[in-house]
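Engineer: Following this message is one structure expressed as structure tokens.
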Amino acid sequence: MTRRRIAEVRMGNPQSSETSPDLSGELAFLFLRDAVVFPGTERSFDLGRKRTLALLEALGSEVRTPVVVATQLVAEIEEPGLSDISPIGVVAHIVSLTQGSDGARTAILRGISRVRVDDFTRTEPYVRGRVTPIVESGVANPAVLAEVRELWGEFSEENEKIAAGIVEQIEGAHDAIVFANLISTHASATHDEQIRLLEAQDVNEQLALLAALLREKQAMTGLERQIKGRVKRQMDASQREYYLTEQLKAIRAELGQGKAEESDLVEIRSRLDRLALPQAVRDLVRKTHAQLERQSESAAEYAVGFKLLQHIAALPWTSYVKTPPDIAAVRATLDSLHFGADEVADWIVEELSVRNLTARSTTDRSAQTLCLVGPPGVGKTSLAQAIANSLDRPLQTISLAGAMDPSFIRGHRRTYIGSEPGMLTTALQAAGMLAPVILLDEIDKVSSDSYRGNVGAALLQALDPMLNRHYVDEYLGVTLDLSQVLFVATANNARAIYPPLRSRMRVLTFWGYSADEKLAIARDYILGRMLESHGLKGRVEIDEAALEQLIERYTQEAGVRELARHLERICRRCAVLLSVSGASQKTIHITTDTLDSLLGAPRVPPSMGVPTAQVGRVNAIAFDAGGARIVPIDSIRFRGRGKLVVSGSNDSVVTERMHVAMSLVRHRAQRLGFDPEGLHNSDVHVHIDASISTDDTPNLDLAICLSLISALIGTVAPQRSGVVGTVDLHGEVGGCHDFTVRMAAAQRQRLEEVIVPRSHEAEVARLPHRISNGLKFRFVASVDEAVDVLFGTSSRMSHPAE
């Protein structure tokens, strides 16, 4: 380190006129942990370390013997070495030494001059070593010196801890070095800052460091003043509010009011204290309760805070499933409660098995959401109830149909009037545990409102297994653990579900039931419950033949909802008959002959709803939210001016598909055996069911083309044939969505032959036997192949149809 330059030393200040001691020999060292003694200043210290006490004992009465005061770089070191101290020390002598009643010694040290520490010559019983004097210059830059004097004046005025005598002493110092050393001692500098001031190369560097330090202190003092003023204003306002609140409580107490509200707050806090709340929730409770204690019960903020505490107290923060369920019993319960739930039961068993195996591991794992897709009435909701019963968990249902505000799921922020938690939080409160089964009904019918947001996106955090352990309700503002919740969603159309949401779910499709399956469900599940709920158990019997006729002649659906309604109606009619007849009739036996008298004439013709065969009629297999069904596409040809008339739907997409089909048929007229010029003198009218959805229209392209061809060539398509597939302008046939559901409808309505795109050949091989049984699949890749299959080559005409 560069030494301070030699110059004129002192300028008559009493503190700097010490006789320079002899520094040529060995000097004793006294170490300070976190303080610095500057030349010309005095400081008091408590002494107690072993080496220091040995030094004082060696000095005896010669306490004014010069010693080197060295400052440690790290205060925690008990016996510092040469590398553990500042390279610049201060020669000082002990002004006074006192000993208290407890044996502790206190010394006042006065600094004389700076020295550079060279080495230690010995370390026991105390440290001795050699030093080199540093001769200091008192010539200072006048501008820097003036700035430091001004800054010191402002600092001393702001800092009340500095004694008036010290301020006068510093302001009266005329020597620049003494002035700088005094300020360095009393400027509230940190340990590191004091060491930098001690190690400054000359007085100008020391003054520059002091100017920067005092400017920083001045800024901190101003900031502290602002903070104290703000805190004081807030405290004054809080004290005023507290005083007025206490006055209001006293007045209410005189009037006999207010005790109920106070007792309610005490009660809710007592309930919350008994709960094992997470730390973040406990902090929120403590903060909210403190605010309520300072507020009047009539204030709007009081009602908001009290309602928040009520919602927190209503949540089951620690109620989980403690005992793993018996997997075999769960499977048996599912089989007994619901027909045809094999795939769902397999999934539940797999999920429970994995949970049992990972229960003791540290891996965070949440269950994947189960999504049940199928037409109405196939038992999706009842299956969710069966799942909850088999797991012995409560079921909570959230209907999402038409939901358009994400706050419906996430909750409203408490800043809004009438804010409430989201439906997921409400479901947990109602269930009384953190591991219920929550049914998200009609998840495909949530509304996407660009103004309010996307409800499907709001569900992502709750249903994503990677995120729902840290679900946050906007109303509560704290984390909820949804990892133990078993979410079951239902939908009629999987494609209508928000795609990122659908990718996070395990989708299981219900295709509907065949007549035999409906018979089994009616006999083994529905009928017994109906008879018992109507008080008819043992008094009404229904033949199996009557059930078969009920299914075939009175219902036409994928599920069994309408079947259950008819059975309920039969039970009600029987209840009336038994009540009117009294004791004369004790039982009723229902057969195929008595079914009409109870339900009226059959609603479905013997053809099972399949339209009769006509020229220009082709049976398309359409899909909508209610499942798949047979829809006739009708076309007729009559004299006109070559127009295409479309009826049944005025949707632009439907009209567009009709024109595509007509263009394709005209282009292939000669292959089909009629003159395209003849179409200029004819109009063609195509009728399509108005209930067909726009999204499904392209999947009926092949049926539309074949209907037009049938009308133009005058050939009838077989009655029990069905057609499905898309077609492009080149006549190539493409695949369709929801293929399995369509085939289930074909089997249910007893079609015998289905013309399907060749791209579905592998999918047909994977169809369950109960769907493929009785169906003959004809695979086609083009319209020409479809014509050959449906009408036969010989049916083509060599001249235009009249």
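Every residue, even glycine, has its Cβ placed from backbone N, Cα and C.
Given the structure is predicted, the values throughout are model-derived calculations rather than measurements.
Take a look at what TrEMBL says about it:
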type    : residues                                       : note
BINDING : G374, P375, P376, G377, V378, G379, K380, T381 : ATP binding site
DOMAIN  : 27-218                                         : domain 'Lon N-terminal'
REGION  : 1-21                                           : region 'Disordered'
Engineer: Taking every residue in the domain 'Lon N-terminal' (27-218), what is their average pLDDT?
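Structural biologist: Computed over the domain 'Lon N-terminal' (27-218), the mean pLDDT is 85 on the 0 to 100 scale.
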Engineer: Using DSSP reduced to three states, classify P376 (ATP binding site) as helix, strand or coil.
Structural biologist: coil
Engineer: Within the same chain, and leaving aside G374, P375, P376, G377, V378, G379, K380, T381, name every residue whose CB is within 8 angstroms of the centroid of the CB atoms belonging to the recorded ATP site, in sequence order.
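Structural biologist: Leaving out the recorded residues gives L372, T490, F510, A558, G559, R561.
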Engineer: Let me know how many other Cβ atoms fall within 10 Å of the Cβ of G374 (ATP binding site).
Structural biologist: 24
Engineer: Where does T381 (ATP binding site) sit by DSSP, helix, strand or coil?
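Structural biologist: Helix, per DSSP.
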Engineer: Would you count the other CB atoms within 10 A of the CB of G377 (ATP binding site), including those on all shown protein chains?
Structural biologist: 23
Engineer: Any idea which of the binding-site residues P375, G379 has the thinnest Cβ neighbourhood at 10 Å?
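Structural biologist: Among the binding-site residues P375, G379, the lowest count of other Cβ atoms within 10 Å belongs to G379.
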